[in-house]
Structure formats: C-alpha cells, structure tokens
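Per TrEMBL, the features are as follows:
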type	residues	note
DOMAIN	11-370	domain 'FMN hydroxy acid dehydrogenase'
BINDING	37, 143, 178, 263, 265, 268	glyoxylate binding site
BINDING	90, 91, 92, 119, 141, 169, 241, 296, 297, 298, 299, 300, 319, 320	FMN binding site
ACT_SITE	265	active site, proton acceptor
C-alpha cells in the first residue's frame, strides 16, 4: 500500500507538484475530442513540440553569494503592477474543461493579481467575466472579421467594461490544419456557445461551422493598414500577438502599437516556424525598449519564465496549463497552476543569484541583457552567447 493511503486519502488526491501533473490529470479526465482540441498542433506538430524543447536547450549560468534572502517577483505590464510575470494567454472554450469556464479563470487571475487575456472565443461573455471578477486586470484578444462591425462592436463592449488593452491576433488569416480536430469532426457541444457572438449568426445556421462560428468569418485580407483602423476606433493600447521576426517587429513599432507578444499560436498555425523563445531575442534587440515585448508558448516551469525574462520578455503568458488547471479543479486548479509557477520562478531566481523580477526585465529598456549570461543552441546548432554586461 502506498504511503498516501492515510486517513482516507487516496493516491488520486495527492498534491499536484508541477504542471505536468495537471497535464496528466487533464488527459485522463477530459473526453478524447476535448483533449485533442486543446493539445492540437498544426500538421505534424513540429512547432508545437519545439516550443517545449527550445526551453530545454537554454542553460542558465547562476551567480552565487548575491544575497537572495528577500525576493520580489512583481513586475509591471502596460504600466500596471502584477504580482509576478506570468499571465493567462487567450485560449478558447474554457467551459469544455470546467462548467464555469472563463468565469473560473478570471477569478483565479484576480486572486493572484495577474493578467488574464480573455479570448474572443470564450464560452462565457465578456460581461459575465467582468461580473465574476470585477477587480481583475484583463486584456481582450481580438480577431478582425470580414464584417468589420463585429470586431468594432466587440472593441466598444470591452472598452466600456474596463478591459485595459486589446490583443490583436495576427497569425490566423486562415485556421491551421489540426489533424485530430478533423478526424474527430470537432464541434462545440450543443449546450455551449461562443458567448460573445450569441445571437449574431442565428440567421446563418446552414453555413458550415468552424470552431463555434460560421466558417470563413475571419478576414484573410487583414494588413498593417488595419492597425490604423483599430487605432481610430479605440483609445486602448494595442498589442500585436503572433510576431516571430525582427522585420515585423520593426513594422509594428512604426505603426505605433504598445506591445508585441512573440507567439506561434501554440504551434497551432504554421508548422515549421520557430519556437517562440527562439524568436524572442532578435525581436527584443530590434524593438530596443520602444515598446514592451512578451512571449507565450512552451512555458512549463518557473525556470522557463526566468529564461524568457533573461532574454528580454517583460512577461510570459501560458495557455494550455491554465486549461489543465481548470480540468483539475476549476478556479482552484488555475490558482494552483499559477502559484506553482510563481513559487518555481522565485526559487529559480534565487538559485541563479537574482532577487528582483523587475531587474530581469530591465533589458527591455536598454536592448541589452543585463542579468546573467544565457547560452543556448540555435536552430542551426551554433552556440550563441548572450553575454553579461
């Protein structure tokens, strides 16, 4: 009998120690179609998998005798202080994982005082999310639709509700080919809806559906001129999600956006593109502190957070791990996921000789790595050094 059989405690109720524990629980308890949807990458899933492997190629060079008796994980994003540099990336359909869905996610991020990027494709409405966590710090993720009024109406709704930024996702002119979703003929179950569009498409029920709304709704003609259009209809800061090259980062800065999320959409769009963390350094160097740079994709440990900040990210965002937390225990599960990452990040900082998260991200203001040396293998297996200054 294993040691956890004490006072009626079952092995299945053992403490969750790391994010992998939540992943395993979710895989076991979610339906196959739901698990496949969340886990999906595009085509052969090479980019999805490389998001994780890329972090394992990075090695930290710790400094010792630095007095880490007191540590501070706080940072700021877009001028607002959060408790630690990990937020929730926009992920769709949280009600597939837990009956309260995005409402539970919002409460968890409010409790831990960090940033939640609400997805357009939420199964709770933006109004329900705000009502559930009125003090939470939220950004809203936006797509541009062929019918521009749909996007415009969403922008006005979230601005009125107190969302603090728009996160424009720019890497989905078309949806990537996710093979298991095709095999499973994935559809939202009848009791769930994309709540932000509730009632909008009722007249188009005969049109084929793609992830909860009529197919071909997204506008593949979106271009840089649409940044100006978006700026003309809102006063909210605009953050572009889906940039992977220094060339596009420079154009983004020239168009007056307030932030970039270095992202390959969790490997769900173009298969064969770079891991997000591998694209980060050149974008940070190009931006040179003019706007804030964030990253998502592949973060699974506190040391991953540390590596991303050392390479210039102001904050990281997690997607799938939040859903795993929901599948485990709803709001409590998401809180546990975030708390584990916070604790691991604090420990990794201390063991590397750093005590202040804001010091780690300081290089975003100077375009230099001012923390500690990080060595990593590039895609071409050349040893790249980022030297301490």
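Cβ atoms are placed via backbone N, Cα and C, with glycine included.
Everything TrEMBL records as a feature, shown here on the structure.
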{"residue": "37", "record": "glyoxylate binding site", "Cβ contacts under 8 Å, 6 or more apart": "93, 96, 178, 180, 181, 184, 186"}
{"residue": "90", "record": "FMN binding site", "Cβ contacts under 8 Å, 6 or more apart": "117, 118, 119, 120, 141, 167, 169, 241, 319"}
{"residue": "92", "record": "FMN binding site", "Cβ contacts under 8 Å, 6 or more apart": "119, 120, 121, 122, 123, 194, 211, 212"}
{"residue": "143", "record": "glyoxylate binding site", "Cβ contacts under 8 Å, 6 or more apart": "120, 151, 168, 169, 172, 218"}
{"residue": "263", "record": "glyoxylate binding site", "Cβ contacts under 8 Å, 6 or more apart": "89, 171, 241, 242, 243, 244, 276, 295, 296, 297"}
{"residue": "268", "record": "glyoxylate binding site", "Cβ contacts under 8 Å, 6 or more apart": "40, 41, 42, 48, 176, 178"}
{"residue": "299", "record": "FMN binding site", "Cβ contacts under 8 Å, 6 or more apart": "55, 86, 305, 308, 316, 317, 318, 321, 341"}
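Neighbour counts were taken at the CB atom with a 10 A radius for the binding-site residues 297, 319; the maximum falls on 297.
Within the same chain, residues at least 6 positions away in sequence whose Cβ sits under 8 Å from that of residue 265 (glyoxylate binding site) are 169, 171, 172, 176, 242, 297. Of the residues the record lists as binding glyoxylate, namely 37, 143, 178, 263, 265, 268, the two whose Cα atoms sit farthest apart are 20 Å from each other. The average pLDDT the prediction assigns to the domain 'FMN hydroxy acid dehydrogenase' (11-370) is 94. The record assigns 90, 91, 92, 119, 141, 169, 241, 296, 297, 298, 299, 300, 319, 320 to the FMN site; their largest pairwise CA distance measures 22 Å.
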